[in-house]
Amino acid sequence: MAVVAALLLACAALLLLLALGALSLPGASDGPGGRGAGLARPRPRPRFRRSTFDSGLEMRGQKGEPWTEVLSWEPRAFVYHNFLSKEECDHLISLAKPHMRKSTVVDSTTGGSKDSRVRTSSGMFLRRGQDKIILTIEKRIADYTFIPVEHGEGLQVLHYEVGQKYDPHFDYFHDDHNTKNGGQRIATLLMYLSDVEDGGETVFPSSTTNSSSSPFYNDLSECAKGGLSVKPKMGDALLFWSMKPDGSLDPTSLHGGCPVIKGNKWSSTKWMRVHEYKGHAPVVEETWVKDGRKVTDYTLYTGSLGTALLLFKSFQVTGDRGDLALAADIVRACDEASRGLPFLTFICGRAGVCALGAVIAKHCDDQLRVTQYLSSFDEIIVAEKVPNELLYGRAGYLWACLFLNKHLSGETIPLEHINSVAKDIINEGRNLASKGSSPLMYEWHGKKYWGAAHGLAGIMHVLMHTELKPDEQDDVKNTLRYMIKNRFPSGNYPSSEGNDSDRLVHWCHGAPGVALTLAKAYEVFHDDYFKQSAAEAAEVVWNRGLLKRVGICHGVSGNAYVFLSLYRLTGNVEYLYRAKAFACFLLEKADQLIAEGAMHGGDRPFSLFEGKAGMAYLLLDMVDPSESRFPAYEL
Ligand SMILES: *[C@@H]1O[C@H](CO)[C@@H](O)[C@H](O)[C@H]1NC(C)=O
Ligand SMILES: *[C@@H]1O[C@H](CO)[C@@H](O)[C@H](O)[C@H]1NC(C)=O
């Protein structure tokens with residue numbers, strides 16, 4: 001999994017937090033009351049005892065104090081009593097509760113996951129180091145198991161209701177696919193987050209011993225009497241090893257969750273690997289994995305398709321085909337989620353799903369899917385009443401056509417079709433223009449916007465990628481000249497016609513979106529006036545564009561693309577340095593400033609246009625700035 005930049009960001013954030021002392025990692029000499037292990041209360045060093053069930057009975061009186069019980073050597077199993085505080089248990093449950101999905105098991109033939117009758121609980125994964133409490137717990141797990149945090153998978157939280165169970169199984173894998181990342185599972189720590197009134201025990205049916213000598217034997221369910229078993233107790237943790245000390249797999253580690261008879265059971269599992277286990281990048285985790293690989297928002301703007309575009313970009317930069325395959329999976333889910341919807345653009349509609357789907361399928365050598373996506377693309381209807389702007393209108397649809405022709409063959413979408421959509425846009429603009437002002441004008445929700453997302457800048461930008469007739473070219477040029485002439489004295493651009501509030505400086509509204517359009521205008525028309533005006537707009541972005549948001553649309557990432565665009569246009573390295581300055585600011589400061597509340601994380605903090613995916617996209621583009629492109633805008 002190599003969304004390299006996003007991982008880098010996570011590392012940078014972690015280093016910052018460490019530097020600030022925000023995360024307290026216990027030293028090796030953490031003694032009683034050490035600051036590392038316990039969050040809610042001081043946590044004394046565990047006492048390791050040779051235990052019998054009798055001493056177990058004696059110890060159970062001392063509630064709250066951690067102690068270790070050796071359960072068995074075949075399998076190697078131990079119980080860490082009072083491993084988690086009640087607060088920690090409650091925290092894990094509250095994080096998981098809103099996201100619970102029916103549990104699946106690993107499919108040994110495909111390596112994917114499938115529903116199963118042997119496992120009837122529901123569960124969800126938490127990202128490694130997702131928050132401070134999880135970080136503390138994971139550090140404690142490493143301390144107690146002697147296996148580094150980096151070898152652990154993300155915590156899984158499970159919920160079993162009455163009758164729900166997990167039939168006996170091994171935690172180690174029987175296939176090659178699942179061991180690619182991190183190798184075989186070496187051990188499992190199973191933490192009980194709740195008490196269970198009756199049933200719900202963990203049982204090892206192949207153990208050489210059973211629990212018949214336990215004083216609690218009579219409290220066990222019939223299922224649990226069939227082997228060595230552990231009764232769930234809130235805060236206790238069961239460690240067992242799937243591998244013997246010689247590194248071979250241990251068949252006595254066979255274990256199951258007995259059916260819950262009364263009450264309900266919450267537990268959390270940490271699987272540990274032989275080698276370092278690489279987690280998903282936060283963007284993928286937050287926008288895809290966490291919701292059970294289901295699409296709630298399919299758009300490129302704030303939803304899963306944006307993650308797919310980021311993964312495709314990552315594939316282009318790193319050559320990692322894992323990213324490409326994941327992008328293909330995500331687009332397929334977006335396709336299902338958006339089928340039949342009337343939205344038609346690249347950024348917010350079906351055209352984005354079908355066009356990106358076709359291009360990704362081509363890179364996967366999946367001609368069948370290329371054809372399917374293209375025929376879905378052909379079904380998109382450009383109704384007479386649709387607006388003309390980029391996010392929801394004709395320009396956004398036209399951009400998708402151009403994207404297909406660039407990435408597939410040049411006439412995937414016939415030129416006549418492209419020209420006719422462009423002509424419709426010109427005609428609509430002429431109809432709304434008033435004498436003596438701009439030759440082209442458009443409205444979206446009753447306002448005559450100027451910016452890239454909803455207004456003139458975005459529409460002119462797309463039009464300049466098509467073959468225009470001389471009179472149409474004149475209208476585009478004169479529209480841009482009209483905008484330059486009527487900009488604010490500061491050099492910034494109004495967000496809409498006649499609005500004299502000189503406030504916004506981001507891609508959606510203001511100088512940044514216009515700068516990209518003027519750079520394109522110089523490239524197409526070779527008129528120095530446009531180059532000069534683009535440079536002046538970029539100056540505004542340099543002076544006022546270090547915003548309090550990270551994203552592409554309203555934030556620093558989008559503004560950095562202005563400098564990259566002018567660098568490509570002029571070859572002037574000063575622009576490159578400016579882009580680097582913005583990118584470095586994001587890399588070094590954004591996470592910290594968001595955590596402090598000094599920067600706004602956005603409503604969709606991991607999305608492409610409003611969140612960190614946009615920042616990751618920019619950082620990937622910084623690898624080769626001469627090939628950079630504002631995502632879904634510069635072709
Ligand atoms: C448990 O083990 C004892 C002897 O150690 C044996 O007599 C008993 O049948 C076993 N119980 C079950 C349910 O297997
Ligand atoms: C004018 O633009 C500002 C932002 O620059 C915006 O907040 C405001 O709502 C706009 N006013 C009108 C009437 O469109």
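Glycine too: its Cβ is placed from the backbone N, Cα and C atoms.
So that you can see what the record holds, here are the features copied from TrEMBL:
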| type | residues | note |
| --- | --- | --- |
| BINDING | Cys508, Cys553, His554 | Zn(2+) binding site |
| DOMAIN | 151-274 | domain 'Fe2OG dioxygenase' |
| REGION | 30-51 | region 'Disordered' |
| SIGNAL | 1-24 | signal peptide |
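Residues Ala453, His506, Trp507, His509, Arg549, Gly551, Ile552, Gly555, Gly558, Phe609, Glu610 surround the recorded Zn(2+) site, their Cβ atoms falling within 8 Å of the Cβ centroid of Cys508, Cys553, His554, which are themselves excluded. Annotation for His554 (Zn(2+) binding site): same-chain Cβ neighbours under 8 Å, separated by at least 6 residues, are His506, Trp507, Cys508, Leu547, Gly602, Glu610. Note on the domain 'Fe2OG dioxygenase' (151-274): DSSP counts are 17 helix, 49 strand, 58 coil.
Look at His554 (Zn(2+) binding site): DSSP puts it in coil.
A C-beta separation below 8 Å, combined with a sequence spacing of at least six in one chain, links Cys553 (Zn(2+) binding site) to Tyr301, Ala453, His506, Trp507, Cys508, Phe609, Glu610, Gly614. Within 10 Å of the C-beta atom of Cys508 (Zn(2+) binding site) sit 25 other C-beta atoms, taking all shown protein chains into account.
The average pLDDT the prediction assigns to the domain 'Fe2OG dioxygenase' (151-274) is 94.
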